[in-house]
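Features reported for this protein in Swiss-Prot:
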type     : residues : note
BINDING  : 559, 568 : [4Fe-4S] cluster binding site
BINDING  : 654      : chlorophyll a B1 binding site
BINDING  : 662, 670 : chlorophyll a B3 binding site
BINDING  : 671      : phylloquinone binding site
TRANSMEM : 46-69    : transmembrane segment
TRANSMEM : 135-158  : transmembrane segment
TRANSMEM : 175-199  : transmembrane segment
TRANSMEM : 273-291  : transmembrane segment
TRANSMEM : 330-353  : transmembrane segment
TRANSMEM : 369-395  : transmembrane segment
TRANSMEM : 417-439  : transmembrane segment
TRANSMEM : 517-535  : transmembrane segment
TRANSMEM : 575-596  : transmembrane segment
TRANSMEM : 643-665  : transmembrane segment
TRANSMEM : 707-727  : transmembrane segment
């Protein structure tokens with residue numbers, strides 16, 4: 001009996017129902033709630049699991065490299081990146097008939113293969129990899145790192161190597177390690193790789209370990225560094241006629257500030273990228289040495305925060321008490337980390353397409369669409385997680401005495417003002433945006449399109465103009481040839497930048513109009529509503545006027561029983577649950593907008609987006625319906641094509657999504673009755689009744705069923721859109 005799952009909770013292990021299994025899985029990673037957990041063991045478990053996480057990441061990336069080297073066509077892709085389709089891996093599928101085998105045999109492969117839409121080929125090519133042998137070497141190296149990570153994780157669980165709690169709470173040393181050690185040194189190392197391997201590679205020079213010490217990255221070597229003539233490293237950059245990967249038109253510069261894109265690859269100049277990473281390395285190496293560690297010099301985080309008291313008294317005691325609050329709360333730290341990572345991930349999505357860093361990736365339209373969508377959805381999940389852990393912090397870790405009248409306490413004190421302002425903004429955006437869309441729909445339905453309300457986004461156009469876009473006719477800042485800003489940058493980075501901003505073949509500063517104005521406000525509605533739900537969930541997590549003792553019920557509770565009306569659906573978990581639906585909806589609008597705008601740009605018919613995006617029927621008919629034709633007809637009685645797998649996934653995604661509603665709409669009683677009927681039938685059926693179970697089958701709890709429903713809704717939603725996105729883009733552009 002003692003060994004029953006879950007071993008970390010004796011109470012659950014003795015539960016006689018199937019609740020034991022589901023609750024066990026649900027709380028397996030909630031180390032804080034486990035029996036006889038100590039603060040020390042908590043920190044050590046989390047620390048060790050980080051190494052496990054790293055091992056999985058290294059193993060996964062190793063697998064990417066290995067499969068492309070084994071089954072891909074990297075070497076032939078390198079010869080002609082614009083016309084050879086990159087292969088991710090082979091497909092072994094006994095279900096394939098002859099038509100399917102033919103349809104999926106592409107990219108010069110001997111059998112059926114999957115095409116890569118992840119951009120790894122462009123990335124590996126840009127950083128200097130050229131042969132399958134290079135890929136195998138990389139795969140082996142990552143496998144080695146994976147093994148090292150596993151060993152490190154195991155080692156730090158052994159008594160001799162277990163770090164103490166004080167080690168984990170040494171904030172200054174951690175900043176030193178992360179800022180200088182991880183960000184600084186890795187950025188410097190990456191600059192080194194770009195300068196020594198990638199840039200020579202882009203100029204036709206193959207640098208590997210055997211000639212690494214013989215090939216000078218710059219003709220003058222380290223001379224200019226030691227004599228202070230750093231500008232020499234920027235002289236003689238690659239010319240605009242440079243053919244990437246060859247010496248034709250190549251220069252000798254290694255650290256430049258050219259601005260704009262390489263004309264052939266349509267990606268940022270590698271020498272600009274190296275310069276950027278060197279600057280980042282310098283900033284982080286300095287930043288990591290600003291805090292007091294072993295030598296008694298530098299800032300103490302605690303002293304900094306204690307001193308942050310605004311002189312006017314408007315923020316009370318300012319940051320007093322925050323150091324201990326944050327440093328002693330893992331949830332607060334995780335919330336901060338997730339919020340930062342979520343913002344960064346969304347920024348990655350925006351910058352990967354507008355300022356592509358990898359050679360030729362801008363011309364691989366399906367990859368561009370897939371990467372944008374992928375990073376935006378991940379950002380959404382990470383951001384909602386940040387608020388979830390913020391709410392858990394308020395329930396489990398927040399100490400009112402420690403934070404009296406500081407910024408954290410004051411935020412809780414005026415939460416009503418925060419929540420009601422967010423509510424007002426959401427209502428305003430929602431009614432006005434929907435009102436405009438619906439008005440325009442009615443005008444089109446009644447045959448008077450000229451009566452639409454179309455608003456030009458003049459402020460956004462002015463901002464684009466200030467950064468150098470000339471087509472709107474605002475003569476301002478960088479779009480004004482007489483301004484000081486224009487003249488200051490004219491000889492350095494501006495020619496490349498201005499050329500890129502005003503060139504209509506890339507995605508930098510797309511021309512915007514009334515359709516963009518409307519969808520921008522629809523997205524703003526989604527963002528504000530998602531934020532409203534998340535912020536309210538966190539600020540009301542400890543208690544509200546309706547339920548002042550809420551924190552005593554924990555993070556996720558269904559209700560406080562039948563005797564106390566109105567306590568259902570108000571746990572912090574419920575807020576997270578509701579917010580995820582809004583998050584998915586919002587990112588749906590974001591990705592619809594991005595994709596439709598770009599499809600029309602790539603096809604050269606931007607007027608379709610401009611004319612149809614100002615009313616809802618335009619979105620439904622000219623974006624969703626028009627682009628789903630390949631999916632709706634993916635496989636039929638007359639055969640199939642290479643899009644059929646996406647057509648199947650489109651259907652399957654809808655199925656998973658719809659299954660979610662089965663868990664979201666019906667409640668426990670229905671399932672409990674059904675389960676008891678099925679158990680009765682099972683026990684009376686010959687042969688079947690030979691199989692017995694130890695746990696009495698019971699329905700999922702309300703919170704669990706919501707989680708299962710939410711998971712199906714999310715996964716189905718994303719599967720459906722992924723299939724639509726990849727099929728509609730690759731079907732048009734190959």
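Every residue, even glycine, has its Cβ placed from backbone N, Cα and C.
When the binding-site residues 559, 662 are scored by other C-beta atoms within 10 Å, 559 scores highest. Only sequence-distant pairs (6 or more apart) were considered; of these, fewer than three Cβ pairs between the transmembrane segment (707-727) and the transmembrane segment (330-353) are under 8 A, so the stretches are not in contact. The two recorded residues, residue 662 (chlorophyll a B3 binding site) and residue 671 (phylloquinone binding site), have Cα atoms 11 Å apart. The transmembrane segment (369-395) makes no contact with the transmembrane segment (273-291): fewer than 3 of their CB pairs lie within 8 A, with pairs spaced 6 or more apart in sequence. The secondary structure of residue 662 (chlorophyll a B3 binding site), as reduced to three states from DSSP, is helical. Across the fold, the C-alpha of residue 654 (chlorophyll a B1 binding site) and the C-alpha of residue 568 ([4Fe-4S] cluster binding site) stand 30 Å from each other. Of the candidate ranges 135-158, 175-199, 273-291, 330-353, 575-596, 135-158 contributes the most Cβ pairs within a distance under 8 Å of the transmembrane segment (46-69). The Cβ neighbour count for residue 654 (chlorophyll a B1 binding site), using a 10 Å radius and every protein chain shown, is 15. Listed as Cβ neighbours of the transmembrane segment (175-199) (distance under 8 Å, sequence separation of 6 or more from its ends, same chain) are residues 126-128, 207, 212, 215, 217-218, 254-255, 270-271, 273-274, 277-278, 280-281, 284-285, 287-289, 291, 293, 301.
Contacts of residue 670 (chlorophyll a B3 binding site) defined by a Cβ separation under 8 A and a same-chain sequence distance of 6+ are given as none. Within the chain carrying the transmembrane segment (273-291), a Cβ under 8 angstroms from the stretch's Cβ atoms is held by residues 171-172, 175-181, 183-185, 187-188, 190-191, 194-195, 198-199, 234, 254-257, 298-301, 357, all 6 or more beyond its ends. Sequence-remote contacts of a segment are chain residues at least 6 beyond its ends whose Cβ falls under 8 Å from one of its Cβ atoms, and for the transmembrane segment (330-353) they are 42-43, 46, 362, 368, 371-372, 374-376, 378-380, 382-383, 385-387, 389-390, 392-393, 396-397, 507, 594, 598. DSSP assigns residue 670 (chlorophyll a B3 binding site) to a helical segment in the three-state reduction.
In sequence order, 558, 559 are the residues of the chain that are 6 or more apart from residue 568 ([4Fe-4S] cluster binding site) and have a CB within less than 8 Å of its CB. In sequence order, 699, 700, 705 make up the list of same-chain residues 6 or more apart from residue 671 (phylloquinone binding site) whose Cβ falls under 8 Å from its Cβ.
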